[in-house]
Structures are given as C-alpha cells and as structure tokens.
Amino acid sequence: MRVNNLTPQDLKAYGINDVQDIVYNPSYDTLYQEELNPGLEGYERGVLTNLGAVAVDTGIFTGRSPKDKYIVRDDTTRDTLWWSDKGKGKNDNKPLSQETWQHLKGLVTHQLSGKRLFIVDAFCGANADTRLSVRFITEVAWQAHFVKNMFIRPTDEELVGFKPDFIVMNGAKCTNPQWKEQGLNSENFVAFNLTERIQLIGGTWYGGEMKKGMFSVMNYLLPLKGIASMHCSANVGEKGDVAVFFGLSGTGKTTLSTDPKRRLIGDDEHGWDDDGVFNFEGGCYAKTIKLSKEAEPEIYHAIRRDALLENVTVREDGTVDFDDGSKTENTRVSYPIYHIDNIVKPVSKAGHATKVIFLTADAFGVLPPVSRLTANQTQYHFLSGFTAKLAGTERGVTEPTPTFSACFGAAFLTLHPTQYAEVLVKRMQAAGAQAYLVNTGWNGTGKRISIKDTRAIIDAILNGSLDNAETFRLPLFDLAIPTELPGVDTHILDPRNTYASPEQWQEKATALAKLFIENFEKYTDTPAGEALVSAGPKL
C-alpha cells in the first residue's frame, strides 16, 4: 500500500536528482523478488537458502569501519561531543570540516541521482515521545530489507505525512578519491552531520553501518535528556521483572536474553527513561558462526523467509554451512523481532530494570563465572567494559587479546563515557537495581564455560537465589562470589579451582589486574573517576 506520495521531485531537496523510480517502503515479498533478480550482479545479488531466507555478501567489509567514521564539528557538536582529538580516552569520533562534508555529500547524492531508489521510512525507538523518524535511501534492495528488519516498522497510519528527523543516504557503490588531500583514513566513509541530521555512507556495503549509525545518534540525543542509552539486550519475566544484559560482540547478549522462560524486549540497543526500558529497534542482528538448532533453537528457527543472512557459506544445494568462517567470523542474520515467538507485544518496552548483567568473555581465564557488584564496582566495570578474545597466531598459538570498551560499546558513544555511567547509575538507584559481572569466556581448563552453566547462573540471578547465596571475596579483584548455585558445578565458581595450582591463577590474575589499572588511568582526570579507582583491582 502506497501511503506516502513521495516523488522524485521531493528528493531534489536532498540533492538527489533525476530519480527514475521510487520503491517506497517495499513489502517483504517485493524485496524477495528484487534481491533474487537474476539480472543483478556483484554484492547486490542475493542467494536463496533452503531455510527460506535470502543470503547476501558484503564484500571486504564484513564488519563496521570505525577508522572511517567522521562527525562534522560545528556549533552543535563542538562542546558536547566526545572527540577523538581531545582528552585521554581514545574513540572513533573524528572531526570533519564543513567543506569536506559538502564534498562527501556531493559524492553520495551524485551516486543516488538518476537511479531507481528504495526508500524505507522507519522509527528508531519504541517510545513515541523520544523516537527518531528515519528515512533510509539506497539503490540496493537488500539494504532496504536490512533496515526494514532492524528498525521499527510504522503502521500505514503512521506513514501518512511521515516527516523524517534524520536521513540516511547509503551510497555503498561510491568512494572518495580525494581522501588523502582531505586528511581522511581511506576512500570509504561513514559521516554524520548532527546539525543537518544526515548520515552518509560510501564505499562500504556492510549493513551494520546503518544500524549502528542510528545507535550513535541516539547515544548523543538521549543522555542529554537524562535518558540512559545502552548497548544491551533486555527481557522481562512473568512478574514484570526486567533484566538488561550489557556486553561486547560475542559475549552472549543475544543468546542469553533469548530465553523461553522470559519475553524478549530486544537484543542490542535500549533506552531507559521515567517509564522503564524500551527497545530502539524492530529486529535482531544475531551472530551465526557455529549456530546450531540444539544450542540456540530460537535464533535458528528465526532464520526463515524475510530473514536476511550475511556472509555465510551457501552450498550448491542451498544449505548453509554455519560452521564455515572463511569469509568472516562475523557471519550474521537480521530478522524482524516477531520471528522470535516469546517477545513483548505490541510495543517492545517494559518497566524498570531490577537486574543489570555485565557480560564478559574473559579469554585469560581469570574472572569468576559470576560475581555480585557493589555500586562503585558497577560504575568501575561499566566504564572498563572488559572482554578478551582468543586470536590464533601463525604458529597456532592462541594468546588472549584484551579489549576495554567503555560502557560495553565505546565505538558507538558520542558523549564522554562518564555521562552514560552517571545516567545509568541514577536509573539503577531509582529502581533499586543490582548489578552482576558474568564471565561467559574461559577458565583454567582452557575450555569455555558452557552455555548450560551460564544459563543456570543467569537463572540464579533472575530468580533471586544468587542474592541469597553465601559469598566469599576473590583476591586482587575483591569480587563477591557465591559459594554454590543451583544447577552449576560448584568447582568452577572459584576460578582458582580450575588451575593446576592457585599460583598459576595468581600469575595470570596479576597480569590482567595490571591491564585493568592501566586502562582506567584515562578516567582519573576527573574527581568522579579518581574516586572509582578503589573499586577496581588492587595489586
């Protein structure tokens, strides 16, 4: 149903001229036909899988390009944004001049001019009073499919007279040949102008740039209004008890919040205001590497018609090899949230959170599977945002690579991290919420803590049995660990037990503690940050 009389003439206001045709808010059936059009070439063309979902490739860009992210520095942003060239903390918010912005905008509008375009109008944010109305403009059908999956789909009534607050122009096929003279990182770019309220994409086909681009914008707008903006998943129990799960990619946010006993609010991006927790999105973007029907049935069954697979290996018979990471370990699927049966309806929001869970995948094997945090430890570990990855080396030796990402999402923060911590703590205090640190990574055995044990730990947090358990303190990190929990092997609760000797743990723990201390140094330039040092490890 065409409910918005958008014409090529309207696009001239954006600098896009001579548009051949507009496919406005296409249906899933239309997108399916467009993506599988045999006349398409290269990364535009989709492949049908035996699961019913279309699969696409994003080329060399199988993840975001943080080094190619820029924000126009002007009167709107000069004094509010967390800039990469100011202060101690490193981030991806590189300043862009107005002159270079105009050049990039010209490249993208030229690329989109004279084309047949897909335009998707959608919402970012489930609360009507704080949501963004976003217009996505692309020449690629599957990119329109991606944003239709990931953002909140308006009703026909809401599309009448839709006025965008933000425009995303995706010119994936164009690059910037003048990047060197302009002092940029490469010919590719993901640029934002918060005054004009436009995002430009050039050179990268990765769909996640549109998703995380809008997250970065929400991360700018909401905390300035006192609303928490969070890189987390969220779900709600039968009694209305809400839990949020913070964590970097690969720590288990999507897996652990997709729980048959609880209704899903969302799997990645949320706000927390005076009414409670609400989703920014209308879909899920799940990792699929080594996905199995047995371990993650809800996600597996969500991969059907209207879902969109990215960078997976599709065999000649249409079956998908989820174990093959030859294109990338970051294989993904996007699907509308209603592909998960157990969701909050009709709007993805619920009350205030009472359980706040920080997920870390510690490849050093030092941190306990679970610990209960004090108020100061909550802020310390939120600002630290620690996880660690196992990276294979040429000789097959695996050494852990530590990652400290402020607020478990530094790549998407547009304000200083302490602003997010302050807003979160205020919301937690008002709701009487308790925080926990959960390690979904490794221990001294060299094996990853099983999903079965981690799920039992999450159950113990959510049903309150962990709060009633006896605890002991782990040296160096001063973390409160339960002595036993239902359904969890007691032996693994103390990470020292999983080593051949306590001295081995002590050696690794000392090395990790030093990394925490070095990382937190960047927050000690404020009295609030200095006061939190004592909540971290002590050597």
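Cβ atoms are placed via backbone N, Cα and C, with glycine included.
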Which of His231, His301 belongs with Lys212, Asp268 in the Mn(2+) site listed by Swiss-Prot: His231
Lys253 (ATP binding site) as reference: those binding-site residues from Arg64, Tyr206, Lys212, Asp268 with C-alpha within 10 Å of it: Asp268
C-beta crowding around Asp268 (Mn(2+) binding site), within 10 angstroms: 27
Fewest Cβ neighbours within 10 Å, where candidates are the binding-site residues Ser249, Thr255: Ser249
Alpha-carbon spacing, Asp268 (Mn(2+) binding site) to Gly247 (ATP binding site), which is rounded to whole Å: 9
Those residues of the chain, 6+ apart, with a Cβ under 8 Å from that of Tyr206 (substrate binding site): Thr58, Phe61, Thr62, Gly63, Arg64, Ser65
Intrachain C-beta neighbours of Thr251 (ATP binding site), sequence separation six or more, cut-off 8 angstroms: Leu359, Thr360, Ala361, Thr387, Thr440, Gly441
